[in-house]
Structures are given as structure tokens and as C-alpha cells.
């Protein structure tokens with residue numbers, strides 16, 4: 001399998017093969033090869049349907065039946081490869097040659113690659129394209145960079161300050177403590193403090209402990225499973241107690257959630273009813289239930305357990321088996337490769353639940369969670385030992 005973007009006779013070309021045939025897309029217009037025109041390129045695939053867009057003009061290849069997963073486990077190469085022998089003969093129209101030119105702002109599955117000296121795994125024969133201390137995106141938040149004798153300076157837009165326009169003016173005089181993040185609130189010309197796990201208060205200077213985690217809508221916990229390397233991923237299990245009076249909310253997401261191909265097991269509420277979704281591969285994420293019978297937004301404590309035995313899924317609600325389903329009798333994918341990461345209540349700041357879950361769930365949780373157990377562990381996980389923000393002590397009534 002491969003996915004390759006290249007220049008061919010002045011046109012941009014996308015080629016990919018998911019295991020059955022090579023798909024070729026080519027832009028309608030040529031690239032300006034004068035050396036001083038930047039072009040914006042977007043390319044990729046959804047299943048086996050590919051798209052290629054150059055400067056806003058899109059070419060899409062309608063999918064025909066076939067394979068729809070890209071199984072590649074190599075490094076990601078930009079501009080060339082360490083040996084041209086690595087390039088699949090079908091990946092390019094002509095003999096493969098390295099790229100001559102400038103590349104910036106590479107975003108893979110919504111994550112930008114840092115094209116610096118130290119961030120990539122390796123490389124050779126790369127120069128600085130800009131030739132000045134300004135470079136690209138040195139000044140954050142649409143600031144303008146000026147070259148000076150001593151290096152550079154940034155001219156910031158009105159809402160931003162700092163040497164590289166990295167700080168909101170609303171946070172420049174903030175009183176958030178060392179256990180907090182300052183979150184600007186431009187509408188009210190002020191800010192709020194987001195407290196790290198174990199801290200609370202207006203300025204996050206009050207230490208707390210809890211065994212019931214209270215989520216207030218802009219909260220999340222990210223737990224890293226220390227035993228992930230020893231888990232049998234074909235037989236996963238997640239159980240917890242939760243309570244909420246909201247009709248929407250993500251309760252738990254077992255998976256890395258870095259890109260849409262990651263495996264996951266998810267529990268939440270949608271339209272007031274319980275919803276469980278599991279993806280073991282190829283983005284086949286079938287919502288397992290969505291019935292009015294499973295209404296859980298009643299402010300009471302509910303105990304849920306989801307058991308995955310290869311492709312067979314069991315869901316228990318308040319110790320009653322409410323679902324037993326084989327999501328793939330063909331047994332194509334049988335392991336939950338969740339990367340040792342579990343999220344509760346939501347995701348990191350700036351990562352909206354409806355976007356990360358591609359619409360499976362709409363909002364962060366407003367409610368409480370306790371007694372989380374992974375697999376057949378004899379002990380509950382210690383939520384206090386995880387990372388997260390804006391978690392309150394759920395033991396108290398407030």
C-alpha cells in the first residue's frame with residue numbers, strides 16, 4: 001500500500017493503492033514554476049475515494065467497490081526518500097526524483113508537522129527557504145514579522161501581545177496560579193483560569209482530592225494506562241459509574257483520538273439515550289444502541305460495563321445485559337488498539353467533542369464519574385493521578 005503526491009509535467013498528482021489497484025488523480029491546472037509563487041495543496045482519501053485540491057480547485061475520484069484501508073507502517077517522507085529504491089514503481093508516472101523547491105505548513109490528519117532542524121526523525125540536504133530569521137509562522141496569531149539587525153520583531157494584531165504574539169492581551173495581566181492555564185474571554189474582555197487536576201478556586205490555588213470526578217462542561221481527564229503493553233487487546237473491558245441530567249455528553253473514550261483511523265471504544269449520551277460505539281479498524285464504528293429504553297439523563301447513578309471479546313460486544317447497564325452483538329462475523333479486525341489512552345468527559349482544550357468524534361457525540365460531559373476499572377484489574381484507576389483540567393470534587397454537594 002502507498003499514498004504519494006508528486007509533480008508530473010507541471011501538474012500535481014495524487015496516487016494511492018489500498019491493496020487492490022492504483023488510483024491516480026491529477027490537478028486541472030499547472031503549477032507556476034517561477035520559484036516565487038506559493039501554492040496551497042490538499043490531498044487525501046475517505047475510504048477508497050480520493051480527493052486532490054490545488055489552490056481551491058478540487059478533483060475527486062468517485063469510489064468503486066474495493067479495499068478502503070491504507071496499511072502502511074513506514075516513515076513519512078517529504079520532498080524525497082533516503083533511497084529511491086523504496087518508491088513503489090506505481091507511485092510515480094516517471095522515474096522518481098527528489099523535489100526541488102520550498103514546502104511549508106504540512107498538516108497530516110489535522111496535526112501540523114514541525115519542519116525544523118530537530119523535530120523530524122531524519123533528513124538530508126535541506127536548507128532554509130526563507131533565508132531570514134523570520135521564517136514561516138515565527139509570529140503567531142497572524143502577526144507580521146520584520147527582519148532586524150538583531151534578528152526579528154513581531155507586529156501583533158490588537159488582541160495579541162508577547163515577543164511572538166503568543167499571548168492574548170486578556171491574559172497578559174492574569175492572576176492564574178502556577179497550576180492553571182489562562183483562557184482568554186474576548187467577548188467579556190477578561191479571562192478565566194482553567195485548573196489542573198487536583199486544584200480548584202477562581203485562581204486555582206486551592207488543593208483538592210477526590211474519588212468522584214465532577215465535570216462541568218469544559219473539563220476532561222486523560223489517563224495513560226501503565227499496563228497497556230501487557231494487555232490482551234482482543235479481550236478489552238471498561239466499567240464505570242456515572243450520573244448526569246444532560247441529554248448530550250461524552251462519558252468515556254478509550255483510544256488515542258489523534259486521527260480518524262485510531263481504534264476506540266466510546267460511551268456517551270446522545271438525544272438523552274445511552275450510546276456505545278466501537279471501532280476495531282477501518283473506521284467501521286457502528287453505534288451499538290440508541291433506544292429510548294436506555295435513558296440515563298435522570299440525575300441518578302448508573303453502572304455501565306462494556307466487554308469486547310474479539311468482535312463480540314456485550315454491554316451491561318446497572319448489571320443487566322442490554323446488548324450482545326457480533327460487529328464483524330468475518331473477524332477481520334479483532335483487537336482494540338487503543339494506545340493506552342483513555343479520555344473521560346472530553347478532550348484537551350481546543351479539541352471539541354463533536355469534531356474529534358466526527359459527530360458521534362456533540363458535547364463535553366456535565367456530570368460525575370467514579371469507580372473506573374479497566375480490563376479485569378482488581379483496583380479502580382486513580383483519576384487523581386491522571387492529567388486534566390477543570391475537574392471538581394464530586395464528593396461534595398456543590
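Including glycine, each Cβ sits where the backbone N, Cα and C put it.
Unlike curated records, TrEMBL annotations are generated automatically.
Listed in TrEMBL:
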type: DOMAIN; residues: 1-129; note: domain 'Laminin G'
type: DISULFID; residues: 102-129; note: disulfide bond
type: DOMAIN; residues: 130-166; note: domain 'EGF-like'
type: DISULFID; residues: 156-165; note: disulfide bond
type: DOMAIN; residues: 167-205; note: domain 'EGF-like'
type: DISULFID; residues: 176-193; note: disulfide bond
type: DISULFID; residues: 195-204; note: disulfide bond
type: DOMAIN; residues: 210-398; note: domain 'Laminin G'
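Same-chain residues lying 6+ beyond the ends of the domain 'EGF-like' (130-166) with a Cβ under 8 Å from its Cβ atoms: 104-105, 172, 186. Cα spacing between residue 165 (disulfide bond) and residue 176 (disulfide bond): 20 Å, rounded to the nearest whole number.
Of all the disulfide-bonded residues listed here (156, 195), the one with the fewest other CB atoms within 10 A of its own CB is 156. Of the candidate disulfide-bonded residues, 102, 129, 156, 195, 204, the one lying closest to residue 176 (disulfide bond) when CA atoms are compared is 204. Taking the C-alpha positions, the distance from residue 195 (disulfide bond) to residue 156 (disulfide bond) comes to 28 Å.
According to DSSP, the domain 'EGF-like' (167-205) comprises 6 helix, 17 strand, 16 coil. Around residue 102 (disulfide bond), the C-beta neighbours below 8 angstroms that are at least 6 residues distant in the chain are 38, 129. The two recorded residues, residue 193 (disulfide bond) and residue 156 (disulfide bond), have Cα atoms 24 Å apart. Here the Cα atom of residue 204 (disulfide bond) is found 29 Å from that of residue 156 (disulfide bond).
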